[in-house]
Amino acid sequence: MGMSKSLSCFGYPLSIFFIVVNEFCERFSYYGMRALLILYFRNFIGWDDNLSTVIYHTFVALCYLTPILGALIADAWLGKFKTIVWLSIVYTIGQAVTSLSSVNELTDNNHDGTPDSLPVHVAVCMIGLLLIALGTGGIKPCVSAFGGDQFEEGQEKQRNRFFSIFYLAINAGSLLSTIITPMVRVQQCGIHVKQACYPLAFGIPAILMAVSLIVFIIGSGMYKKFKPQGNILSKVVKCICFAIKNRFRHRSKQFPKRAHWLDWAKEKYDERLIAQIKMVTRVLFLYIPLPMFWALFDQQGSRWTLQATTMSGRIGILEIQPDQMQTVNTILIIILVPIMDAVVYPLIAKCGLNFTSLKKMTIGMFLASMAFVAAAILQVEIDKTLPVFPKANEVQIKVLNVGSENMIISLPGQTVTLNQMSQTNEFMTFNEDTLTSINITSGSQVTMITPSLEAGQRHTLLVWAPNNYRVVNDGLTQKSDKGENGIRFVNTYSQPINVTMSGKVYEHIASYNASEYQFFTSGVKGFTVSSAGISEQCRRDFESPYLEFGSAYTYLITSQATGCPQVTEFEDIPPNTMNMAWQIPQYFLITSGEVVFSITGLEFSYSQAPSNMKSVLQAGWLLTVAVGNIIVLIVAGAGQINKQWAEYILFAALLLVVCVIFAIMARFYTYVNPAEIEAQFEEDEKKKNPEKNDLYPSLAPVSQTQM
């Protein structure tokens, strides 16, 4: 039969500890791999940001659509235990294949460090990701439900606590993996050419998935395993279709109404199946509003991360990168879950308040809505600090005097005086049809120029004499979306120069011309200037000042009297000033909402599902996550909202409306005990059929010898 009651630890079945460790390792594997995907697509395979993002979100969506398939396999064919084992094997193979796809030497026959056939790597990677999506999605609804199966009747408190521990394991694995795997990626490895170590970074998640599988199998002898119930989904669909058809045939008033529309299936299906379907449909009906929560929650990895790129990551002695702010969510979960279970919920119970599962979920949705209100308020404050970029019908220009004389620059409506080696304080904005000419005056010499300026762009006018100038299109229309710093160089030597800065090369910068911007993370960056016109005795190595977040600078390279280079820095875009720590309140609100919404949702889905449909209902719960991501694409894409704070308010308002609707729906929901209902049906069947000990033997645990 099942596990002995003596095999317990601290009042919990010993088997669940294997399940929790299994989940920790699996989540480490999944999130560690997922943290690398975008950079792998862009830097290794060479896709642009848009295609990389599309493939990434397609993969994530697939991971949340395949749980339906996993639930069907578990409930109709293999059972939860075997489904977890076999799909974990598929999962492990997928991780290994993905790691293989990142090995340069797979097609690098000439050993130059670049794959000779990228399509081969793409094909291998896609096969690996498909296997991972099938594996991780397939086991998602089974593991939590299988853990719930291990508890005896009367252990509801321990089972509820298990779902909290289970969720804690998920986030602990996620936190460690998102810290460790990026650290491994930046290491250098390779057989012939040393470069970013994607094979090992993907390989560690593959190893953890293998460990997850081994740990799960070790606990096999302790698990309670239930026989699969047959193709239950097919029965459910047929029963529902028959009920609808039968009701439609008997729609005239001469036929008496029945208590529930599913009761119209009684002519063909037994009452026990109908009662089970009623339980499932009532819960699925409650699921309808839930995707809106995930629509907001999953924007931590997109909109909130982009918001962080416009902020400063200096927090005391720490320096936080924009994408690392997501770890705040995981850290807060690890802190809040024990506090909620050990302090908050017991206090609420002592106060005599009936804090039901659906009430908790309603509170969670409200907190998530308030998190986006906080994000909107923060965005308004951030917008006040951001530079103004030109609109589609505008041009912006600043003047940089790289000559040896003072100059007066006359533009429509304003005149500025520039000393040698200086620039205007800020970019000046004009309608594209008003800036038709500029006067440059030096002493008694006046030159009128008619620059060609591109609408919607920033430009720099390099001037070194009234009749010697160059207009440079800056190419910056926004701050870096990664919080990086843009650096360009202007050469005033008569010969071209080359600059190497932190491994990036600015090649052949022409005389009195500017390079393109290249982008760097925060910190002090060293650079080397080289040219045929610079003597070997000259100093060539320089260091930048400390680069903060989101800035842009022009480094002017001029010749001293000795002919040696001299560097002058000019600020093009100021660094971010709002600190990322201001995001913590919104992360606290969204995480608090997640703790009372998501953990409770898992617990509620299990407790209200009949014994033969628990995995299906868990899959339905996970499906709401996929639908939530689709909502983000629809609202964000169709809304065309220019102000980000307004989009945050829109999402907050939508969830608030959905929260009210859900509260009303929850008000009319009646909690049931599926085990009691099924036991009553069993008792009734035994009375009707005394010769049969058990009409539904599938409800009994299976002997280990049968597995």
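Backbone N, Cα and C atoms are what each Cβ position is placed from, and that goes for glycine too.
For reference, Swiss-Prot has these:
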- 1-21: transmembrane segment (TRANSMEM)
- 22-53: topological domain 'Extracellular' (TOPO_DOM)
- N50: N-linked glycosylation site (CARBOHYD)
- 54-74: transmembrane segment (TRANSMEM)
- 75-82: topological domain 'Cytoplasmic' (TOPO_DOM)
- 83-103: transmembrane segment (TRANSMEM)
- 104-118: topological domain 'Extracellular' (TOPO_DOM)
- 119-139: transmembrane segment (TRANSMEM)
- 140-161: topological domain 'Cytoplasmic' (TOPO_DOM)
- 162-182: transmembrane segment (TRANSMEM)
- 183-198: topological domain 'Extracellular' (TOPO_DOM)
- 199-219: transmembrane segment (TRANSMEM)
- 220-276: topological domain 'Cytoplasmic' (TOPO_DOM)
- 277-297: transmembrane segment (TRANSMEM)
- 298-327: topological domain 'Extracellular' (TOPO_DOM)
- 328-348: transmembrane segment (TRANSMEM)
- 349-361: topological domain 'Cytoplasmic' (TOPO_DOM)
- 362-382: transmembrane segment (TRANSMEM)
- 383-583: region 'Extracellular domain (ECD)' (REGION)
- 383-583: topological domain 'Extracellular' (TOPO_DOM)
- N439: N-linked glycosylation site (CARBOHYD)
- N498: N-linked glycosylation site (CARBOHYD)
- N513: N-linked glycosylation site (CARBOHYD)
- 584-604: transmembrane segment (TRANSMEM)
- 605-618: topological domain 'Cytoplasmic' (TOPO_DOM)
- 619-639: transmembrane segment (TRANSMEM)
- 640-644: topological domain 'Extracellular' (TOPO_DOM)
- 645-665: transmembrane segment (TRANSMEM)
- 666-707: topological domain 'Cytoplasmic' (TOPO_DOM)
- 682-707: region 'Disordered' (REGION)
- 684-694: compositional bias 'Basic and acidic residues' (COMPBIAS)
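Taking the features listed in Swiss-Prot, we show where each one sits on the structure.
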{"residue": "N439", "record": "N-linked glycosylation site", "CB count, 10 Å": "14"}
{"residue": "N498", "record": "N-linked glycosylation site", "CB count, 10 Å": "17"}
{"residue": "N513", "record": "N-linked glycosylation site", "CB count, 10 Å": "15"}
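Spatially, the transmembrane segment (328-348) is not adjacent to the transmembrane segment (645-665); fewer than three Cβ-Cβ distances between them are under 8 Å for residues at least 6 apart in sequence. If one looks beyond the topological domain 'Extracellular' (22-53) by at least 6 residues along the same chain, the residues whose Cβ comes under 8 Å of a Cβ in the stretch are 59-60, 63, 88, 91, 95, 98, 102, 118, 121-122, 125, 132, 136, 139, 143, 166, 169-174, 176-178, 180-182, 185, 196, 198, 201-202, 204-206, 208-209, 211-213, 215-216.
If you take the Cα of N498 (N-linked glycosylation site) and the Cα of N513 (N-linked glycosylation site), they are about 12 angstrom apart, rounded to a whole number. Note: the Cα of N439 (N-linked glycosylation site) and the Cα of N513 (N-linked glycosylation site) are spaced 21 Å from each other.
Beyond its flanks by at least six residues, the transmembrane segment (584-604) meets 144, 159-160, 163-164, 166-167, 283, 290, 293, 296-297, 300, 304, 325, 328-329, 332-333, 336-337, 340, 357-358, 360-361, 363-368, 370-372, 374-375, 378, 618, 621 of its own chain at Cβ-Cβ distances under 8 Å. Two recorded stretches are said to be in contact when at least 3 C-beta pairs lie under 8 angstroms, sequence spacing 6 or more; the transmembrane segment (199-219) and the transmembrane segment (54-74) fall short of this definition. Here the transmembrane segment (645-665) has long-range neighbours at 285-286, 289-290, 292-293, 295-296, 299, 303, 358, 361-362, 365-366, 368-370, 372-373, 375-377, 379-380, 383, 635-636, 639, meaning same-chain residues at least 6 beyond its ends whose C-beta is under 8 angstroms from one of its own.
Looking at the topological domain 'Extracellular' (183-198) alone, the prediction's average pLDDT is 73.
Sequence-distant neighbours of the transmembrane segment (83-103) (same chain, 6+ residues past either end, Cβ-Cβ under 8 Å): 26, 29, 33, 40, 44, 70, 73-74, 77, 121-122, 124-125, 127-136, 138-139, 142-143, 146, 198-199, 201-203, 205-206, 209-210, 212-213, 216-217.
Only residues 6 or more beyond the boundaries of the topological domain 'Extracellular' (640-644), in the same chain, are considered here, and those with a CB under 8 A from a CB of the stretch are 303, 307, 379, 383, 650.
Same-chain neighbours of the topological domain 'Cytoplasmic' (605-618): 67-68, 70-72, 74-75, 80, 140-142, 144-145, 148-149, 156, 159, 163, 226, 229, 232-233, 236, 276, 279-280, 282-284, 357, 671-672, 674-675, 677-678, 698-699, counting only residues six or more beyond its ends whose CB sits under 8 Å from a CB of the stretch.
For the topological domain 'Cytoplasmic' (349-361), same-chain residues at least 6 beyond its ends with a Cβ under 8 Å from one of its own Cβ atoms are 286, 596-597, 600-601, 603-604, 607, 662, 666, 669, 671.
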